[in-house]
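J.: Below is one structure. I have some questions about it.
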């Protein structure tokens, strides 16, 4: 089925839903395709303490549900589907989805976000879903009263480790450097938690486990200085080493940087293709916060409105 629209929004995180709210209120009748992970990264986040407007801690999935309801209430059509292919060579732009629909859009706002990075070692792939995860809130429950290893040193790793203490008997966080990049307040919480221990200057060499039943039994880690390998016994391994932008759909059609983030013109959400805008983590490698994503979604919507009214 072919569907035409003035504004097509790809992605349903804070950037996409904010763009939807603003374009809907401008009477542009936006269509939003919510993608493989409706709600974006916040749907796998438990406590949200830093989103303005809430005096008390709120849950990520609840916050995204509220944004989605708000977008619908002001006139956004939200489609449960995912994009397989785009053609940005000329207007109207064409977007093809997994459900077999073809959309023709006068403008597009790309809000496809970013996804978890993996270690890219064979044993990680072997045990993914059998003790290896990149989502503590999704899978932490399965490791109640067990020992867990978290890999990473940024906000994500420290937050995952802190959350996992709600379930695990012990959490070991291993980092390739001798200090964390995480916010000071998060580090303070981590160092004060008796369930958490830290191993500095180590990288994962191999995840080991059993085949019957398929499960993780430990992690071999290597000292980056001495190259000595040691074994940490555990039942689960959570990878928290950052994210990569979801831009594969647009390769060769839109300007990106060396890390495959979409390049936007300074101070705007305009991309190298006139009529195509990008907002949120897909074009932001510095801040990557829900509130900045929402703000850039608003910017994109206002810029789309001006573009269509030219």
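Note: Cβ is positioned from N, Cα and C throughout, glycine not excepted.
So Swiss-Prot says this about it:
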type	residues	note
BINDING	34-41, 281-290	FAD binding site
DISULFID	135-138	disulfide bond
J.: Where residue 34 (FAD binding site) and residue 135 (disulfide bond) are concerned, what is their Cα separation in Å, rounded?
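T.: Residue 135 (disulfide bond) has its Cα 20 Å from the Cα of residue 34 (FAD binding site).
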J.: Using DSSP reduced to three states, classify residue 34 (FAD binding site) as helix, strand or coil.
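T.: It is coil.
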J.: Give me the Cα-Cα distance between residue 288 (FAD binding site) and residue 138 (disulfide bond), rounded to a whole Å.
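T.: Cα-Cα, rounded: 21 Å.
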J.: Express the distance between the Cα positions of residue 138 (disulfide bond) and residue 285 (FAD binding site) as a whole number of Å.
T.: 25
J.: Most Cβ neighbours within 10 Å: which of the recorded positions 135, 138, 282 is it?
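T.: That would be 282, with the most Cβ atoms nearby.
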J.: If one measures from the C-alpha of residue 282 (FAD binding site) to the C-alpha of residue 135 (disulfide bond), what distance in angstrom results, rounded to a whole number?
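T.: Rounded to the nearest whole number, the Cα-Cα distance is 20 Å.
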J.: Could you measure between residue 37 (FAD binding site) and residue 135 (disulfide bond) for me? Cα positions, answer in whole angstrom.
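T.: Answer for this pair: 13 Å between alpha carbons.
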J.: For residue 288 (FAD binding site), list the number of other Cβ atoms lying within 10 Å of its Cβ atom.
T.: 17
J.: Rounded to the nearest Å, what's the C-alpha distance separating residue 285 (FAD binding site) and residue 135 (disulfide bond)? Just drop the number here, would you?
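T.: Spelling it out, the Cα of residue 285 (FAD binding site) and the Cα of residue 135 (disulfide bond) are 20 Å apart.
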J.: List the Cα distance (Å, whole number) between residue 40 (FAD binding site) and residue 135 (disulfide bond).
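T.: Just about 13 Å between their Cα atoms.
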J.: Highest Cβ count within 10 Å among the binding-site residues 34, 37: which residue is it?
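T.: When each Cβ's neighbours within 10 Å are tallied, 34 leads.
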